[in-house]
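Got a structure for you, questions after.
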Amino acid sequence: MQAIHNVRLATMQGDGYGLIEQGLIVFNASGIQYAGEHLSHAEGGPDLSQVELLDGGGGLVTPGLIDCHTHLVWAGSRANEFAQRLHGASYADIAAQGGGIAATVAATRAASLEQIIALSQPRLEALMREGVTTIEIKSGYGLSYEHERKQLLAARALADSNPVSVVTTLLAAHALPPEYQQQPDAYIDLIVEQILPQIAAEGLADAVDAFCEKVGFTTVQTERVFAAAKALNLPVKLHAEQLSNQAGSQLAARYQALSCDHLEYLDEAGVAAMAASNTVAVLLPGAYYFLREQQLPPLALLREYQVPIALATDANPGTSPIFSLLLMLQMGATLFRLTPEECLRGVTVAAAQALGLHDRGQLKAGMRADLCWWDCADPATLSYQFGLQQLRGCWHQGQRR
Ligand code: DI6
Ligand code: FE
């Protein structure tokens, strides 16, 4: 049994940080045993006689951070494309030359499973260095059974070889593969008849996602994917209203989606639908920043309807080549005007909900001992300053890493 004392606890219970000033947290590999005020045993606090006690030095303990939306496993680089764009090439020019998502699909298909794992390992390590203890990883750069499976196997392999929990998502409906260029419906047939059932049978996907957009799939096509996922008892989520409003969020809400993600063009009807289905709004400020978007997600409406708000990196080679969840806190505050409380909730309690996980994201007896111990006492510091190594310790399932 281990314990940390002389710390503030941001339990994330209630509406804000759920702060406890003179905090004590007691835990082991099976979970948090106590998280609360540091009372002596005589006053009714836990018995610390058999416990390895760590002095938290007046710092802060939060739940381990959760990055609930990433595309972490791919091969190839799009740095050349980024440079071309800065020299004036348009996204359409680049796509016409085989660039964009198609370039990443070609490189990912050409790479072996081992190569994808090796390329993804440092990306994962960068996130873990900042306190990420759970990460979602999507496929979506394979676009065939063989190569979507390879991406998901890479995600599972990363989970096996790192002290971190990985949740996988099948995103076969991300883009049209080259062999289906003029036949989107035939590709949807392939997804619902082959890719999804086989991946589900192998237990490789924890959820199913799609890209519902003018440059992606229509709501009719998306609904076919959702219906197939539902028949296999897999929860759904959606890349929705990123570049335009397609009412994808309303469709997703009808399928009790765990989350709708991006949401810059979300309208009130979509917000209301998400509120009614308890769907989390996952905001991705890194993609907003990297694409130099102007349209802000509807924060006032999300707050009014009390839709939980999560924040994630969207780590991907095209629109968010960013491997820092703490940077998303600062961007959430600066670009989206989220409060520091909302930012921290967005990578803890709300992110857990976005992944359908009820055993983490808060400091509470019975939850997993996924913990971050920070140098700062004020949790707003985590959104305020960026680039200082403030993480003094991190535990995944009670093991210090
Ligand atoms: N939205 C995005 O921003 C990424 N995927 C998606 O559905 C883009 C992925 C890429 O450009 O590689
Ligand atoms: Fe994404």
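Our numbering is plain: 1 for the first residue shown, then up by one each step along the chain.
Glycine is treated like the rest: Cβ placed from N, Cα and C.
Just so you know, TrEMBL annotations never went through curation; they're auto-generated.
TrEMBL feature annotations, pasted as is:
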BINDING   HIS69, HIS71, HIS239, ASP314  Fe(3+) binding site
BINDING   HIS69, HIS71, HIS239, ASP314  Zn(2+) binding site
BINDING   ARG78, TYR141, HIS174, GLN242, THR319  4-imidazolone-5-propanoate binding site
BINDING   TYR141, ASN316, GLY318  N-formimidoyl-L-glutamate binding site
DOMAIN    60-379  domain 'Amidohydrolase-related'
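Just tell me what is around each of these and how deep it sits.
Secondary structure from DSSP puts ASP314 (Fe(3+) binding site) in coil.
A strand conformation is recorded for HIS239 (Fe(3+) binding site) in the three-state DSSP classification. Other Cβ atoms within 10 Å of the Cβ of HIS239 (Fe(3+) binding site), summed over all protein chains shown, number 30.
The Cβ of THR319 (4-imidazolone-5-propanoate binding site) lies under 8 Å from the Cβ of GLY286, ALA287, PHE290, LEU291, each of these being in the same chain and 6 or more residues away along the sequence.
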Pull out the binding-site residues from the set HIS69, HIS71, GLY318 whose C-alpha sits within 10 Å of the C-alpha of HIS174 (4-imidazolone-5-propanoate binding site).
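Cα within 10 Å of HIS174 (4-imidazolone-5-propanoate binding site): none.
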Name the residues of the same chain, 6+ apart in sequence, whose Cβ is under 8 Å from the Cβ of HIS71 (Fe(3+) binding site)?
ILE137, LYS138, GLY140, TYR141, LEU171, ASP314, ALA315, ASN316, PRO317
So among HIS69, HIS239, GLY318, all listed as binding-site residues, which is physically nearest to ARG78 (4-imidazolone-5-propanoate binding site)? Use the C-alpha atoms.
GLY318
Tell me which residues of the chain lie with their Cβ under 8 angstroms from that of GLY318 (N-formimidoyl-L-glutamate binding site), as long as they are six or more apart in sequence?
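Non-local contacts for GLY318 (N-formimidoyl-L-glutamate binding site): ARG78, GLU81, GLY100, ILE101, THR104.
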Between GLN242 (4-imidazolone-5-propanoate binding site) and HIS69 (Fe(3+) binding site), how many Å separate their Cα atoms?
14
